[in-house]
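Database features, via TrEMBL:
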BINDING   K69, V70, K71, T165, N272, F273, R274, K292  ATP binding site
DISULFID  C118-C144  disulfide bond
DISULFID  C196-C206  disulfide bond
DISULFID  C240-C249  disulfide bond
CARBOHYD  N163  N-linked glycosylation site
TRANSMEM  309-329  transmembrane segment
Amino acid sequence: MSKAAGCRGFLHHVFDYETAKTLVIPHFGVGIVFRFTQLLVVLYVVGYVCVVQKGYQETDSVISTVTTKVKGFAYTNTSDMDPRMWDVADYVIPPQGDSSFFILTNLVVTPEQTQSHCPEVSIRTGLCENFSTTVKTCEVFSWCPLEVDTRLPKKALLAAAENFTVLIKNSITYPKFNFHGRNILPHVNSSYLAHCEFNRLTDPDCPIFRLKRIISEAEADFQEMAVKGGILGILIDWSCDLDWWAGKCLPKYSFRRLDSQNQDNDVAPGYNFRFAKFYKRADGVEERTLIKAYGIRFEVIVFGTAGKFGIVPAIVNLGAALSFLSLVCKKKKYYIKSKSGDAQNLTVANIFIRCPLLQTGLC
């Protein structure tokens, strides 16, 4: 083949104009399947991708900071302890925490411990001591007298803690959209905070929570939980659609007990830890009061995702939608197979071939 013929063939293919042929199939069943498939694609794109998933939006994850302030008083008067008034400095341990705080509700106190010898199990000296009038045990060198943590009160010592309140201050930002928010809303002032208390129905904007209420919303009982302690999550959801008015981006609170409630595996239930307060006696001997503290640890968990219209995800999802439709709408051949004897004859039945550009003379 000459170079001239090759060039003409190349130009012929370059400047060819192609038109699509449409197969019109007068078949009710095929038509129903075809239109139903198209409907499913449209519902998927519009209903799921656009409405549910908001596929036309860019998204960003929340960045958050939390501080808490607990208030309340409790009075105790037991045989093991002198009458005592408890305030926030006594029962919030530690005074500051990272998005969490601990409320002391029950305790075992071992006072006036000193470094000495006493009966129990620790570093054995080989000598025996009278543990009681009938039992002798090995002598140990330890902080004596030793703790007996089986003396835990059956009713929480600080049962009044259910009426304590906590102020939660939460600030968030979505850096991609330059959006900032607080759970203390613009209309909240000092006089409002002095009297408000969170109530999902009557006062959902108040950032002050009564402990009994939030534990009740977590489907738990405060007095039962206070005996051996537990862990409770305060969940703050900042999921927002920033295509709407930004003032509608508000926190949504929920509460959930997080420690295990598996009745088949109740080993080491609740939440507790030990700490000590040290003193120096007049004779120079070091002394301490050991406290095994039981209580409720509150974890403030902030999460959320914000979405806002973005041209890139909108184009990507539109292109995907058109691709789905193109797969459904491609032209198909429809054949009716009729069998005669041992031979099969393929005949095209009820098919009309139309060209969209028939009137232009291009077909």
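Using N, Cα and C of the backbone, Cβ positions are placed for all residues, glycine too.
Between the two most distant C-alpha atoms of the annotated ATP binders (K69, V70, K71, T165, N272, F273, R274, K292) there are 25 Å. Of the recorded residues, C206 (disulfide bond) and T165 (ATP binding site) place their C-alpha atoms 12 Å from one another. A 10 Å cutoff on Cβ-Cβ distances gives K69 (ATP binding site) a total of 13 other Cβ atoms nearby, all chains included. Considering only the disulfide-bonded residues C118, C144, C196, the residue whose Cα is spatially closest to the Cα of N272 (ATP binding site) is C144. Long-range Cβ contacts of C240 (disulfide bond) within its own chain (separation 6+, distance under 8 Å): Y174, F179, A246, K248, C249, G304, A306, G307. In sequence order, K71 are the recorded positions from K69, K71, C144, R274 with a C-alpha within 10 Å of the C-alpha of N163 (N-linked glycosylation site). Taking C118, C144, C196 as the disulfide-bonded residues under consideration, the smallest Cα distance to K292 (ATP binding site) is found for C144.
Nearest in space to C118 (disulfide bond), taking C-alpha to C-alpha distance over the binding-site residues V70, K71, T165, F273, is F273. For the disulfide-bonded residues shown (C196, C206, C249), fewest C-beta neighbours within 10 angstroms: C196. Distance between Cα atoms for C144 (disulfide bond) and F273 (ATP binding site): 19 Å, as a whole number. Listed in sequence order, L290, I291, K292, A293 are the same-chain residues six or more apart from R274 (ATP binding site) with CB atoms under 8 A from its CB.
Cβ neighbour count for N163 (N-linked glycosylation site) (all protein chains, 10 Å cutoff from its Cβ): 14. Under a cutoff of 8 A between CB atoms, and with a sequence separation of 6+ in the same chain, the neighbours of T165 (ATP binding site) are V70, K71, G72, E197, I208, F209, R210, L211. For the pair C196 (disulfide bond) and K69 (ATP binding site), the C-alpha distance works out to 15 angstrom.
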